[in-house]
Amino acid sequence: MEGEGAAVWQGAVLGGIIFWLVSASYLNVTRKLRSFLQPWVTHHVVTQTPIILKIQSYGFGFLDALFSGLSCVVSVPFYTAFLPLLFWSGHGKLARQMTLLMAFCDYLGNCIKDVVSAPRPASPPVKRVTATRDEEDNALEYGLPSSHTLNTVCLSGYLLHYVLTHTQIQGAYVTYLGVSLACMLVFFIGLGRIYLGMHSVVDVLAGLLIGLVVLAFWLTVDEYMDSFVISGQNEFGFGPVTSFWAALSFLLLFAYPTPELPTPSFEYHTAFDGVALGIVSGVQQTYHQFHHANVPRLFSSELTIPVFLGRMLLGIPTILIVKFCSKTLAKWTIPVVANTLGIPIKSTGYIPTLNGSVTGKMSDKLKQGYLQKLLSQHKAFDVDTGIRFVQYAGLAWSVVDLVPSLFSYMSL
């Protein structure tokens, strides 16, 4: 009965996404929502410019460095580097939840950004401080909501919840201190995004509100989610859980809304979509070996700091090699498969020979019906999407499967 119930809700989720894909496309839901929300948000972005200028008038070099540093600490690249270390330190359950929550926040936040397609504060007159390449890329996205604020609310809130409920660190004083620190972090991140000229007040408030809603939702489903991810393990990783997640990941790529103008937001979602699939498939294969509740944790006698440093020295180069190999393999196989199926393809960056070009022809069968629209809203499928997805799925799989296997072989 339990298996039948899981199959029902999995089918309902996938069916619901397909229904949304079809209905939203034919009813032009994205354009209608944008026509309603964009003027209101844009008005507030423009009228709040004096507030940003007032905040920036108190600025000097130290604040530039402080808020730029805080933005880096809560950015997607930081979490991408931090989460593998969380897995390798023995905190598998927390790492799984943080990864999936990050993927969910990234997808939802970027969807809203591209649906609304509201501008960031105009620069000039606002001074935009972009100290890193990541910040320069972020500036190319739309504004509302502030992803940094949304992610900080969700991840700091969930980390606090996990510490208070799954560790021996408890008590009223600890709770008060933890909540205070989380609120301070959220406040300074939000203030920093305004000070750096990256967001208006309305963007930060939207990120705060959406983050609180997502956090409340996740706290009600996290145990069910984790039980599902670790259920029905199999040595080949192609069981019902992995199959469902692969189908979900595939559909979410097509369910992503089309922005008014192209932005990097879809690229970020694609990467974390791949990460989530790689983590789930890897955990499915190796849960009982490397990720169960009784694995050694950092600072224990079995996992000392020198041993953990050895894991880092072995693990980090390994996952970078896997990332490179996954990208290379995808660059070769995806165009071959697409051409075999007669799907027109192009590449905006990864494959120079396809840059700006379209190869392949739609078969007569694909020319009719909705599949063509799904595969080619712009007359050709951008293979960079598939390459990026496979690249990060391979990286994530290596974090929870290949690298722990090497740790076991090397007695680390």
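Yeah, the Cβs are placed from backbone N, Cα and C, and that goes for glycine too.
Keep in mind that this is a model prediction, so the values were computed, not measured.
What TrEMBL records for 95-219 is domain 'Phosphatidic acid phosphatase type 2/haloperoxidase'. For the domain 'Phosphatidic acid phosphatase type 2/haloperoxidase' (95-219), the DSSP counts in helix, strand and coil order read 91 helix, 0 strand, 34 coil.
Annotated transmembrane segment per TrEMBL: 6-29 (among others), in sequence order.
Taking Cβ pairs closer than 8 Å, the transmembrane segment (66-88) reaches residues 94-95, 98-99, 102, 106, 129, 131-132, 134-135, 138, 147-148, 151-152, 155, 185, 188-189, 191-193, 195-196, 198, 268, 271-272, 275, 291, 308, 311-312, 315-316, 319, 399-400, 403-404, 407 in its own chain, all 6 or more past its ends. According to TrEMBL, the transmembrane segment annotation covers 66-88 (among others).
Among the features that TrEMBL reports, transmembrane segment is placed at 173-198 (among others).
Summarising the annotation, TrEMBL assigns transmembrane segment to 204-224 (among others). For the transmembrane segment (204-224), the list of distant contacts is 97, 101, 104-105, 108-109, 112, 144-154, 157-158, 161, 186, 190, 193-194: same-chain residues at least six beyond its ends, Cβ to Cβ under 8 Å.
Feature annotation from TrEMBL assigns transmembrane segment to 236-256 (among others). Non-local neighbours of the transmembrane segment (236-256) in the same chain are 6-7, 10, 13-14, 17-18, 20-21, 107, 110-111, 114, 228-229, 266, 269-270, 273-274, 276-277, 280-282, 284-285, 374, 385, 389; each lies 6+ residues outside the stretch with a CB under 8 Å from one of its CB atoms.
Taken from TrEMBL, the feature transmembrane segment applies to 303-322 (among others).
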Tell me, roughly as an integer, the mean pLDDT over the domain 'Phosphatidic acid phosphatase type 2/haloperoxidase' (95-219).
88
